[in-house]
Amino acid sequence: MGKKAVHFGGGNIGRGFVGEFLHESGYEVVFVDVMDSVIDALQKASSYTVTEISGEGEHKKVIENYRAINSKHNLDDVIKEISTADVVTCAVGPNILKFIAPPIAKGIDIRTQPKPLAVIACENAIGATDTLHGFIKDNTDESRRDSLPSRAQFANSAIDRIVPTQDPNSGLDVKIEKFYEWVVEKTPFGDVGHPDIKAIHWVDNLEPYIERKLFTVNTGHATAAYFGYNAGKPTIHDALKDERIRSQVNAVLAETSALIVEKHHIPAEEQHDYVQKIITRISNPYLEDVVQRVGRAPLRKLSRKERFIGPAAQLAERGQQVDALMGAVEEALKFQNVPDDEESFELHKILKELSAADATTKLTDLEPDHPLYPRVLEKVTKVQSETK
């Protein structure tokens with residue numbers, strides 16, 4: 001019997017990143033989603049194409065050997081697949097983890113496989129697998145919780161690959177950048193050993209990789225998006241052609257680099273080279289990366305452990321400079337009432353209806369006595385005065 005992976009999330013990251021490498025590693029991939037259109041399309045097609053984009057051109061890969069299940073209508077089938085799978089992965093968004101936990105918990109509970117299930121959440125969030133693990137424990141009978149480690153092992157991961165705006169007529173095919181990084185902690189697998197998945201870089205300590213990625217790639221990308229959007233630039237490439245915006249991105253990443261170098265003992269020269277590589281990647285004209293796509297979901301991106309407040313809070317606690325990060329926060333606060341982005345409308349409502357203090361607390365979860373709080377409050381007050 002061959003290897004099997006169940007993947008929650010039939011979107012672009014699921015098909016064009018996780019699914020691609022599971023397929024290349026010899027797994028049959030079972031996609032699980034609640035979107036009828038995605039599942040119907042996957043069930044009808046025997047393959048789809050992933051197109052990797054780089055400065056050298058395009059490279060196409062055909063993905064086959066997969067199935068798809070609609071968890072909205074066939075949840076029992078999903079549970080059965082999990083019970084006999086080798087790996088479960090997900091790319092659904094951090095807010096959806098609590099909804100996929102119950103079927104995973106049930107699938108784990110009825111497992112009879114000798115080897116524990118490997119569970120890896122592939123989300124843009126720190127400790128996403130730990131979060132999912134907590135929800136799974138909550139959905140496991142108390143009498144069975146102590147034996148959960150014998151049936152499943154949970155490893156956090158950091159993923160990095162840009163998926164630009166897709167052609168609306170592309171169907172299941174995915175256009176994606178050639179560069180990727182998928183780092184997963186190996187310690188949770190112990191003597192059993194980690195699953196054999198191509199592309200994964202297995203490490204003992206994941207935190208430096210997660211924070212370096214989140215506070216460089218995601219912070220830089222979002223900074224370019226918000227400054228670009230407010231300056232009327234259509235794409236990230238166009239935004240970074242503007243010297244004013246490029247210098248703002250560099251200033252923000254100089255601040256986050258100071259944190260990464262000091263906290264994780266990464267050599268300054270290595271971090272500098274990493275930053276330059278990231279700026280080159282996100283400014284790739286072939287990606288046609290639209291600023292609205294990169295800036296979407298501003299409430300999540302302004303939250304406590306995310307790409308702006310996360311590093312800024314740590315820097316403020318260390319007494320270090322956060323001027324450029326606060327400039328990026330101001331631009332993010334202006335990302336309001338953007339078509340097809342529900343959170344941007346909610347942001348407008350919060351800034352319009354709440355006091356500056358209440359809005360600051362709601363958006364960032366910072367306590368008033370935190371050293372970063374007054375800096376954010378100042379930006380919220382300023383944007384509120386400009387918001388109509």
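Just so you know, glycine gets a Cβ as well, placed from its N, Cα and C.
The NAD(+) binding site annotation in Swiss-Prot covers A5, V6, H7, F8, G9, G10, G11, N12, I13, G14, R15, G16 and is backed by similarity to another entry. Residues or ranges marked as active site in Swiss-Prot: K213.
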With neighbours defined as other CB atoms within 10 A, the best-packed of the binding-site residues A5, I13 is A5
A5 (NAD(+) binding site), DSSP three-state class -> strand
Listed in sequence order, the residues of the same chain lying six or more positions from G9 (NAD(+) binding site) whose CB sits under 8 Å from its CB are V18, F31, V32, D33, C90, A91, V92, G93
Checking the recorded positions R15, K213 for other Cβ atoms within 10 Å of each Cβ, the smallest tally belongs to K213
Within the same chain, the residues at least 6 apart in sequence whose Cβ is under 8 angstroms from that of G11 (NAD(+) binding site) are D33, V38, A91
CA pair I13 (NAD(+) binding site) / K213 (active site), Å rounded to integer, equals 17
